[in-house]
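Colleague: Encoded as structure tokens, here's the structure I'll be asking about.
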Amino acid sequence: DLWQFGQMILKETGKIPFPYYGAYGCYCGWGGRGGKPKAGTDRCCYVHDCCYGKLTSCPKTDDRYSYSWLDGTIVCGEDDPCKELCECDKKIAVCFRENLGTYNKKYRYHLKSCKKADKPC
């Protein structure tokens, strides 16, 4: 669910998720707007959208899953029916951390150059 997802992002990046990533670039935020991803951070969101699109179990983004932290690493519950969803959220949280250096405030609320998707997943 969004709360769990936000907690992963906060712990991985130290950033409060909504103001930082809620409307960033062409893909960060509810349902990407399309176009070419804006640098690494926005690419994380593009990949996350694709990951959600490929879910075969627990396709609702508001479903809860089990996860824990082990030595600073997110571990998704092995037998959880929503493990795929957890793995998608884990990947983007880690991607955000790895791409903190690509974050550019000029891409917040940046809609002008975002068009229909031109990159298939």
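Using N, Cα and C of the backbone, Cβ positions are placed for all residues, glycine too.
Per Swiss-Prot, active site is recorded for H48, D89, and the stated evidence type is similarity to another entry. Look at Swiss-Prot and you will find Y27, G29, G31, D49 tagged as Ca(2+) binding site, backed by similarity to another entry. The disulfide bond annotation in Swiss-Prot covers C26-C114, C28-C45, C44-C95, C50-C121, C51-C88, C58-C82, C76-C86 and is backed by similarity to another entry.
Burial and contacts for the listed features, if you can.
Modeller: Cβ environment of H48 (active site): Y27, C88, D89, K91, I92, C95 lie under 8 Å away, each six or more residues apart in the same chain.
Note on Y27 (Ca(2+) binding site): other Cβ atoms within 10 Å of its Cβ, all shown chains, come to 26.
Sequence-distant neighbours of C26 (disulfide bond): residues of the same chain at least 6 apart with a C-beta under 8 Å from its C-beta are G32, R33, G34, G35, K36, P37, K38, D42, Y46, H110, S113, C114. In three-state terms derived from DSSP, C26 (disulfide bond) belongs to neither a helical nor a strand segment and is classed as coil.
Remark: C28 (disulfide bond) has Y21, G22, T41, D42, C44, C45 as non-local neighbours, by Cβ distance under 8 Å and separation of at least 6 in sequence.
C95 (disulfide bond) counts 18 other C-beta atoms within 10 Å of its own C-beta, drawing on all protein chains shown.
Sequence-distant contacts (6 or more apart, same chain, Cβ under 8 Å) of C50 (disulfide bond) comprise C121.
DSSP assigns C51 (disulfide bond) to a helix in the three-state reduction.
C82 (disulfide bond) falls outside any helix or strand according to DSSP and counts as coil. Under a cutoff of 8 A between CB atoms, and with a sequence separation of 6+ in the same chain, the neighbours of C82 (disulfide bond) are S57, C58, D63, R64, Y65, S66.
Sequence-distant neighbours of C76 (disulfide bond) (same chain, 6+ residues apart, CB-CB distance under 8 A): Y65, S66, Y67, K83, C86, E87, K90. The secondary structure of C76 (disulfide bond), as reduced to three states from DSSP, is extended strand.
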Colleague: So for C44 (disulfide bond), how many other CB atoms are inside 10 Å of its CB?
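Modeller: That number is 26.
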Colleague: Please report the DSSP secondary structure of C88 (disulfide bond), reduced to three states.
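Modeller: DSSP call for C88 (disulfide bond): helix.
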Colleague: For C51 (disulfide bond), which residues of its chain lie six or more apart in sequence with Cβ-Cβ distance below 8 Å?
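Modeller: Spatial neighbours, sequence-distant, of C51 (disulfide bond): E87, C88, K91, I92.
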